[in-house]
Amino acid sequence: MFVFLLQVCAKGYFLSEKSICLPCNCKGHADYCEDITGICIVNHSTGDFCEVCEDGYMLAPSRDGRHTCKPCACPLSVPSNNFAVHCDRGGAVLRCKCQEGYAGQFCERCAPGYYGNPMAVGNSCKRCDCNGNSDPNLIFSECHNVTGHCQHCWGNTAGANCERCASGFYGDAITAKNCRECDCESGHCDMHTGECLTEAAVNLCNISCDECIWHLIGDLRLSNKTLDQLKVGVLNISTGAAANDRLKYYNYTAHRLQVHIHIDVQQLWKCTFTDANFEVWRYLMMTSTKQCEVWRRGQASDVEDKLILCHYVGRDLRASDANGFVQRAISAANVYNNIVKYIDDANITSLTTLNLSQKAEEVCFKIQECLLSLCARKLLFVCFSVENLNVLVPELLDKLKVVEEKKPVNNVTTNIMRIRELIAQARSVAKKVQVSMKFNGQSSVEVHPHTNLEDLKTVTSISLYMEVDPDKDPIEDRFILYLGDRHGRKDYMGLAIKNDNLVYVYNLGGEDVEIPLASKPVSQWPAVFNYIKVERLGRHGKVFLTIPSQSTTDEQKFIQKGEAPGTDSLFDIDPKDIVFFVGGVPPNVRLPPPLSLAPFVGCIELESLNNDVISLYNFKATHHMDMTTSTPCPRYKLAFSQSRIASYLRGKFGVVTRFDISVRTVANNGVLFLMVNGLKFFLLELKNGYLRLMYDFGFSSGPNLFEERLPILQINDAKYHEVSVIYHQSKKVILLVDKSHVKSMENPKTTLPFSDIHIGGAPSNILSIRSELSSVVGLKGCVKGFQFQKKDFNLLEEPGTIGISSGCPEESFMSRKAYLTGESYLGSTAKITPFDSFEGGLNFRTLQPSGLLFYHRDGTDEFSVSLENGGVVFNNRGTKVKSHKKQYSDGRTHFLVVSVNSTKYSLVVDDKDKQEKKRPASATRSSSGSSLKTFYYGGSPSSSMKNFTGCISYAYISRQDRDIEPEDFQRYTEKVNTSLQDCPVQRPPAALLSRPISSVPLGLMELKSDEAPSEADITPCYLSSNPRGTRQAYHYGGIANSRQHYTDLPESLSKRSHFSLSLKTQSSFGLIFYVSDAQEDNFMALFLAHGKLVYTFNVAEQRVKIKSDEKYNDGTWHNVVFIRDGNMGRLIIDGLTVLEDRAQERNVSWHVSSPLYVGGVPPGNAQKNIQRNSAYSFTGCLKNLQLDGQWLSSVSETFGVTQCFEGRSEAGTYFSAEGGYVMLDETFDLGLKFELEMELRPRVASGLLLHVSAVEGYFTMYIHEGAVVVLVNDGTHEFFTKVSPAQGLCSGSWHRVTVIRNANVVQLDVDSEVNHVVGPVNPNATDTRKPVFIGRAPGDTRNPYVGCVKNLVINNSRVSFSKAVLVSGAVSVGTCPAA
């Protein structure tokens, strides 16, 4: 046996011919070289001895004489985005020879005929694919250079890749290229054969199955056009009758369509079907519950396909709906499709959560199963018959209650909240189905009552349309409706026919009140829909009847009034027992005697309950209601026209585009119309009562805005105003109001890039696209005469309409509520005699203990109603009647009535606190009689009493010339600093709690992170401790020096750097990036100046400064790359804009040191090198910060920086879960005597709010398991007090906290719940001033506070966190996430 020993050289050596190991000559760039030859084995160098870089790399010399081969920065110095065949330096200039398909000095864009974005890491240029159908004369724009969509399809072709014949043509677009025009009267033909289409013919499938499916759906849509022949005959017929006739016709044609579809589906077998697609068509053809079961047994993955099909079938039905009923029914059903999707999302998300999340997942899964079952059984059939509404709607609403009432937990929160939003939308749709029901004398409907019974207490009104036919059904005593207690006891109200009269009946806890309308017997009513309204304000009731004329718009109106005896004024019903029946009641329901009558015969259509739209189809149950035999009655709407809002439609825009709309509203804010396409938008809205116009079609300068407080632009005066917008010659927007020219705005010539027009409102997903749209709200009011291109549109018939109804009731423009700020009042005049004979009532709600509610003065005589120390005081010429209770400033709504007669003065609050005084014998009658007198609500210009702060609503007074009715504040002549729209008083707190004060501390101060209770023991807050935000994105600003510090910078930064980041801001000025040496002689910075990006650095004494031409502070994300290579600088924005500058100096030593600052710099820094107004922090978000293609993650310190949150924000300061604090200086004295106020909205149940250390002891305020705790240590003793609101701190609402300290006495007030403690007296206590820490204290191990804080006031001085001594950690000053 021979053994050969193989000699192997060490790393860095090779074996020579003489079997000697010699060193490799690879200049340090290869560890190995070939034996015998010594040729180096290396990746990016070429030449036998690594003396040349391979293609795509360039030589980078170093001080030690060795060299490296680095990827060409053509355009980025990362391998995936290096598109150079070769690169080198000509002096200091980088020269790139680009690969095929790339262009530009640095290969930064795609060449003609290619598309992509070479500036995005991982992206590249690909050849345009237009199937040879692009115009050869337009080679430089064959396809879009980023998306690849073909821009000029040639030869009658269309599609993203010119892959099919254009609409109205047929043939083979790809191979034969012979697309020819259809020769058909209809203009539609089979796109392959040219066969004319007269009904729902489906193309044979020679493409993908998905394409086949969409062609089939498209042909189905065309087939439904043949069903529109009935539309002309029913346009002026009632909603109910038109819908019923149309649905019957669908039933008639359903079988024919199914047969036709069956034939088409047979052709689809030529495709390769997936189980999911096949199940879709099985579902489409199903005619029995057996097919439903097949669908329900299908896999979950096919749900989306089924829902898409449901959507298209529903859309086709809506397209042929005469007056909108089918649309509303299908809208209701389609909402549930979305609910299925979001519940499915919730299930997937919840699989990763623990404990409570798993329980939520189980509930969601049960609801999902139920909804899928209901959708499978009901969705198509609700398209075909009205009667299924009385099964579908209540069953779905009841099942959804489980989800609606489920408290969100952990990761399921977002989906549950979206589900709730969809449920609310569905309920809204159900309420607005304006269709009558026909009652046969045995049927009845139980309607969902009002969700907030507090709104019904003071005022209750119901309006409806009713039709009876005396010729067919003789008028007898019959029941119409009942709202009240299930057992016929306690308070109630109802309507009936008795003795041939319409009778309004109500009871407020005493005697029954019956108000018969004797002036128009029911037997004399015409057999059409007549309008009825019953109304109660306190004790006072009215019944209205309006009978429309059959030939004109004239109407006959009748009214009758009455009042309840006694002093009770409130409608008081237990929410668990309230019922609302129409037409009759089931046998197990007992009615009060005045309404125990035979069921109704005729037709009823509900209109409103307390001015909220309500429908019979928003019912809990029906009894003996057969819509097959009792079809809805037609309602002619000649006398009840005009329409309310929110809709969308699609239109085609020309060179001149015009919109006209007449608007009537009293709202301060609301959208008139909105168009959105991607980031481009056009918005006309009301903002603070004035018209406001803003639009952006992709302009480089950002949105165009017109916002001025001109009188002609203030249109919220309850009158109709005609608003017109004209877009002229694609470059000028013209605004007209009431046919008068207001403004013309020029812009770069741009065709309107929109197709959808949203009127009166828009879906939330549309409003979230741009930050400028986030505050847009829907319009409350009426519109009429909407025209697009001078063509009239009936918004009720548009397929995208949701949540609007016909009619424009006057109540919509009356302001029954007012919010007063303490410097406000309302004044008017009326014929009243307050000193002699008077009755007045009002609702009030406040958190302030004192304030003037009502005031009148005649000479030296005063008549007033006011709050004094929480109690109500009625003063008539010096005689005062005071309430017994003194807790009426608790934030709840209270109702009071004052009255004056010949014998006494009375005051009643909430029907329970009843006080009176005998009228003084000296009280003489007023000499002025019933002349016009001035009176005030909420304050007075002359009274010495403090003005009221809070809400006043549904006020009334007994006038001599008018019936009692709610005051319309809109008509008052004096409205000083008053809002008639909103009432932002905080939610009612829990009742004051009386509890003994413990002398022993709770030990809550020991709650440390490692001792916190387990997650299972803590009830999670309504708002998540981690609001939804953009991944790895950070928000800067709010303070002048908001920033992050990055350390561990590489040495190569001094030679060459390639930084990239993404930026979103609306700031005009501010520092984004800064790094320098200790003396700031060498530096590099990126900042904003006038909205433009500026990149600068020094080269010895010279400076390179690159400034963008466009502004980038438009609130959208922009990708920014800034490169320094010796004396050359380059700024690249969004991969399209490349700017470069260089200094004359070369080979200059340039060194910087840690830290690198992002978002801002420490106080005093950067001002040597940056203009002053740009040397402070920018406000906005930043993400994806990279250096030379590597993420920067070494954050060493953070000051006022949080995650970049998504969604709506509001004013305040947010303390994030990552921890942070605000430090105030010693000028804010929290010593032995102070008063502190703040508002807070926590996201955790426990955390440190505020801490001050003294020379001896401390003062601390924190929350612990939902309680606010104040703990004082004076160096000798420790004492505390706490308040635990019954409704909890974690409800997601703002809470007002007040702390008053006077030495050893501390009082704590949380939402008007008060507690206090009296500690031991310490005679040695000294008053010293120390810094105040909010949110956390340095070095403290207790859990930090997480949530928002605003309106901090210390000793009557408002605290500005933006001017704090220090903001450290994850704290966002000035901005709070709202959800």
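We count from 1, first residue shown onward.
Quick reminder: no glycine exception, Cβ is built from N, Cα and C everywhere.
Unlike curated records, TrEMBL annotations are generated automatically.
Under the heading domain 'Laminin EGF-like', TrEMBL lists 72-127 (among others).
Sequence-distant neighbours of Cys107 (disulfide bond) (same chain, 6+ apart, CB under 8 A from its CB) are Cys74, Pro75, Phe83, Ala84, Cys96, Cys98, Gln99, Pro118. Marked as disulfide bond by TrEMBL: Cys98-Cys107 (among others).
In the predicted model, the domain 'Laminin EGF-like' (128-181) shows an average pLDDT of 84. Among the features that TrEMBL reports, domain 'Laminin EGF-like' is placed at 128-181 (among others).
Taken from TrEMBL, the feature disulfide bond covers Cys153-Cys162 (among others). In this view, Cys162 (disulfide bond) is surrounded by 29 other Cβ atoms within 10 Å of its Cβ, with every protein chain counted.
What TrEMBL lists as disulfide bond is Cys165-Cys179 (among others). Residues near Cys179 (disulfide bond) in space but far in sequence (CB under 8 A, at least 6 apart, same chain), listed by position: Gly155, Asn156, Thr157, Cys165, Ala166, Phe169, Tyr170, Gly171, Asp172, Ala173.
Look at TrEMBL and you will find 434-633 (among others) tagged as domain 'Laminin G'.
Look at TrEMBL and you will find 627-808 (among others) tagged as domain 'Laminin G'.
The domain 'Laminin G' annotation in TrEMBL covers 809-983 (among others).
Sequence-distant contacts of the compositional bias 'Basic and acidic residues' (910-919) (same chain, at least 6 residues past either end, Cβ-Cβ under 8 Å): 509, 567-570, 572, 872, 879-885, 894-896, 900-904. Annotation comment: TrEMBL describes 910-919 as compositional bias 'Basic and acidic residues'.
Annotated region 'Disordered' per TrEMBL: 910-930, in sequence order.
Per TrEMBL, domain 'Laminin G' is recorded for 1033-1204 (among others).
The domain 'Laminin G' feature in TrEMBL is assigned to 1211-1376 (among others).
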Site of maximum Cβ density within 10 Å, from disulfide-bonded residues Cys98, Cys165: Cys165
Cys153 (disulfide bond): tally of other CB atoms within 10 A of its CB: 23
Per Cβ pairs under 8 Å, the stretch of 434-633, 809-983, 1211-1376 packing most closely against the domain 'Laminin G' (1033-1204): 1211-1376
Secondary structure composition of the domain 'Laminin EGF-like' (72-127) [DSSP: H/G/I, E/B, coil]: 3 helix, 23 strand, 30 coil
Which of 72-127, 809-983, 1211-1376 contacts the domain 'Laminin G' (434-633) most, counting Cβ pairs under 8 Å: 809-983
Helix, strand and coil residues within the compositional bias 'Basic and acidic residues' (910-919) as assigned by DSSP: 0 helix, 6 strand, 4 coil
Secondary structure content, the domain 'Laminin EGF-like' (128-181) (per DSSP, counts of residues): 6 helix, 12 strand, 36 coil
